[in-house]
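Features of the protein shown, as given by TrEMBL:
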- 7-28: transmembrane segment (TRANSMEM)
- 13-299: domain 'Sugar phosphate transporter' (DOMAIN)
- 40-65: transmembrane segment (TRANSMEM)
- 77-95: transmembrane segment (TRANSMEM)
- 101-123: transmembrane segment (TRANSMEM)
- 135-154: transmembrane segment (TRANSMEM)
- 194-213: transmembrane segment (TRANSMEM)
- 225-247: transmembrane segment (TRANSMEM)
- 281-301: transmembrane segment (TRANSMEM)
- 314-354: region 'Disordered' (REGION)
- 316-331: compositional bias 'Basic and acidic residues' (COMPBIAS)
Amino acid sequence: MKVINKSLFLTYLYLLIYILLSSGVILYNKWVLSPKYFNFPFPITLTMIHMGFSGAVAFLLVRVFKVVAPVKMTFEIYATCVIPISAFFASSLWFGNTAYLHISVAFIQMLKALMPVATLIMAVLCGTDKLRWDVFLNMLLVSIGVVISSYGEIHFNVVGTLYQCTGIFAEALRLVLTQVLLQKKGLTLNPITSLYYIAPCSFAFLFVPWYFLEKTGMEVSQIQFNFWIFFSNAVCALALNFSIFLVIGRTGAVTIRVAGVLKDWILIALSTVIFPESAITGLNIIGYAIALCGVVMYNYIKVKDVKASQLSPDSLPERMTKQDWRSEKKSSNLFAPDDNIDDNDTSGGKVSSMTDVNVVDEEVPLMASSRLSHIGRSQLSSRDA
């Protein structure tokens, strides 16, 4: 009984840490970027600081302290997988952070309800998922809710909305590319090695728009660089990475999705208190509630699909023993996407369609979908056959 209580305590503790860090990073970024507060209106620079810090920490963990071993990365894999994924990842962070300059945190969270819609569209266009009527109706409900919420926004800004929506679709395309490219290469990355390869490449991509869009502005404005502000901001973003994987490793798909919805509501409420100018209206709340209903029903469908398609040890290929399966299951659950783990922790690390992976915060410089296990690849192959 004591073991169970301790396990439950740790689970809820990790969920609390995830909710606090996720909300904190978003509010912290808004505070840093907003001209009304810290007044550092350079979102690309802030994103580059996150990428540089994350890459440096990952380098120390991989090369100096040797906490984890680097994967066998060839030039072909780096050029065809890491570079395109990093490009869209850098774009999603760039556009998402830029939106803070134009629209409120509350409205940004409402727009993020479009994430499953964008991911489904990209997955269908790339041929990794098929359009189903039940999913389509849920996505239509989400879209209607977001439109209503946008109509009720007091300080609606077209530029900020376009930035946020572009960031959402860039993130959706990154998720789909992660599945297509990494599945094809059979590449296995954990959170640390993901940072090790992705963060420096994303930093390099961000340097180009930074040079043309922000370099001159920073020189003219002569903003004083506060080391502790940016250091603590980068530490929070890095900590959020690992908190998500701690939560994924101890909870199921339903639990983490409920935590995500709870986090969104808490964040919307906190943002209106911390940033009084970001007032919300009744129409905002009604529209967001409608969108969340669609998201919840969509999550239910995807979780049900995952449970229905899980393989038992007896149904695995003959060449893979039950002992191998148990070993693979144990390692897969460490870094599997949220939809790959049910509430009873009975999944074998299956990787389903990328429309399932929509729990990841845009602030997180990680590929949550990068853990492609043998079982997941086998299931995907059999599905395509």
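Positions of Cβ are set from backbone N, Cα and C atoms, glycine also.
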Need one number: mean pLDDT over the domain 'Sugar phosphate transporter' (13-299).
90
Take the transmembrane segment (7-28) and find every residue of the same chain, 6 or more past its ends, with a Cβ under 8 Å from one of its Cβ atoms.
105, 108-109, 233, 236-237, 239-240, 243-244, 246-247, 250-251, 255-256, 259, 262-263, 266-267, 270-271, 274, 361, 363
Among 77-95, 101-123, 194-213, 281-301, which stretch has the highest count of C-beta pairs below 8 Å with the transmembrane segment (40-65)?
194-213
Who are the long-range neighbours of the transmembrane segment (77-95) in its own chain, taking Cβ under 8 Å and residues 6 or more past its ends?
43-44, 47, 50-51, 163-164, 166-168, 170-171, 173-174, 177-178, 181-182, 185, 187, 197-198, 201-206, 209, 362-363, 365, 367
